[in-house]
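See structure below.
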Amino acid sequence: MYSYIVEGGFKIGGQITASGNKNSALPCILAALLTNEDVILENIPNINDVKVVLDILSDIGADIVREGNALKIKVSNIVKTEIDSSFTDLIRASILLLGPFVSRFGEIDMALPGGDVIGKRRLDTHFYGLSKLGAKLINKDGRIVLKAKKLVGAEMFLDEASVTATENIIMASVLAEGNTVIMNAACEPHVQDLCNMLNSMGANILGIGSNVLEIKGVKKLRGTTFRIGADFMQVGSLISLAALTGGELEIKKADPQHFRLIRHIYSRLGINFEYDKENVYVRDKQELKVKLDFGGHIPKIDDGPWPAFPTDLMSIIIVTATQVEGTVLVFEKMFESRMFFVDKLIKMGAQIVLCDPHRVVVTGKSPLKGNVLSSPDVRAGMSLLIAAFVAEGRSEIQNVYQIERGYEDVANKLINLGAKIKKVKSQ
């Protein structure tokens, strides 16, 4: 186990290139299962979740070559369709094995996935969509067993716009016979990445970026070279970090086309940033003051499926709100346990009222003091790290494995921006 030792009170700024999006990298890596030809993926982040997925592929017989942030994957055949639970326990995204396995190999046997504990995360939408295509689900001793002799396209309406369910159904349907229509599909940037990658392999997916996808099945997919998009969660975290510490920051290759609503929400907290076709710019002088709603009412910030404000930035918004003047209600609609890290911010001196599992009221600006904190999940962990940089004195962030599941080379990248941080082995 490792910890970060952080000295707060220093400006963080400079120049950094955005890492690849973890939530794009994982499904795109697993989409390589759908062809027996070489798949080359660029801009893959070097993070723990990617390592686990690559270990799964190696364990079933895939050939993998990694050079820096590029991957070459070839899945000529596999040696088994049963996935070791030691892998699936570590990562929620292991659920994305279902679609490609049942599509190309006709079956899969795996344990229920692990990962972040931020609330109940249903699997029913996955099973509904895959069963509409012809897969049969067998619940065997707490394991997921799916079998399909043949997949046939179907029309379906998802009861929730689940990202991973949409991705599983897409991967299962690209090689299915006939047409598939997915209504109420997720349309996040990472879903768009997966669709664009599959189309570059010869798939026929229409409606990319919308909530209605039409997939015309093809007989075979070819290899491809595809570049993963930027991690807008990392970019959002860096915007907050620079703004709250008074730094001036340029984030290169940030895919700013995804930041329209994110910029609007940040502006409500007195944080403004600019962007051009590729880069994001954070200036060193920020207002850091809550903008009240009409009539002087306390503003509410809430999340939802894309293009609404992304749930993965809600933890970042909470810590940001502790450092701006004014009061804001933060309403997490999607996960009932994401808010349960705020006790750690309160321990540092934040003024936060936890109303219920979905809502907190944050009043700033609160001076924070360094403390010993443990990362409960990847996004809350980054929020605590931001709090440590803002706080007076020294903090220790424990269980950094959680942060490194989603953020690449955290300590070194922040050191290059002027941060005082070091990674040490925990006592």
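Just so it is clear, glycine is given a Cβ too, placed from its N, Cα and C backbone atoms.
Swiss-Prot lists D116 with the feature active site, proton donor, giving sequence analysis as the kind of evidence. Annotation comment: Swiss-Prot describes K22, N23 as phosphoenolpyruvate binding site. Residues or ranges marked as UDP-N-acetyl-alpha-D-glucosamine binding site by Swiss-Prot: R92, D312, M334.
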### Query
How big is the UDP-N-acetyl-alpha-D-glucosamine site in terms of the longest C-alpha to C-alpha distance among R92, D312, M334, in angstrom?
16
## Note on the structure
Cβ proximity for N23 (phosphoenolpyruvate binding site), under 8 A, sequence spacing 6+, ordered by residue number, returns V163, E188, H190, D231, M233
### Task
Write down the Cα-Cα distance for K22 (phosphoenolpyruvate binding site) and M334 (UDP-N-acetyl-alpha-D-glucosamine binding site), rounded and given in Å.
20
### Query
Three-state secondary structure of M334 (UDP-N-acetyl-alpha-D-glucosamine binding site) from DSSP?
coil
### Query
In this structure, which of the binding-site residues K22, R92 has the fewest other Cβ atoms within 10 Å of its Cβ?
R92
### Task
Report the same-chain neighbours of D312 (UDP-N-acetyl-alpha-D-glucosamine binding site): residues 6+ apart in sequence with Cβ closer than 8 Å to its Cβ, ordered by sequence.
M233, R379
### Task
In whole Å, note down how far the CA of K22 (phosphoenolpyruvate binding site) lies from the CA of R92 (UDP-N-acetyl-alpha-D-glucosamine binding site).
12
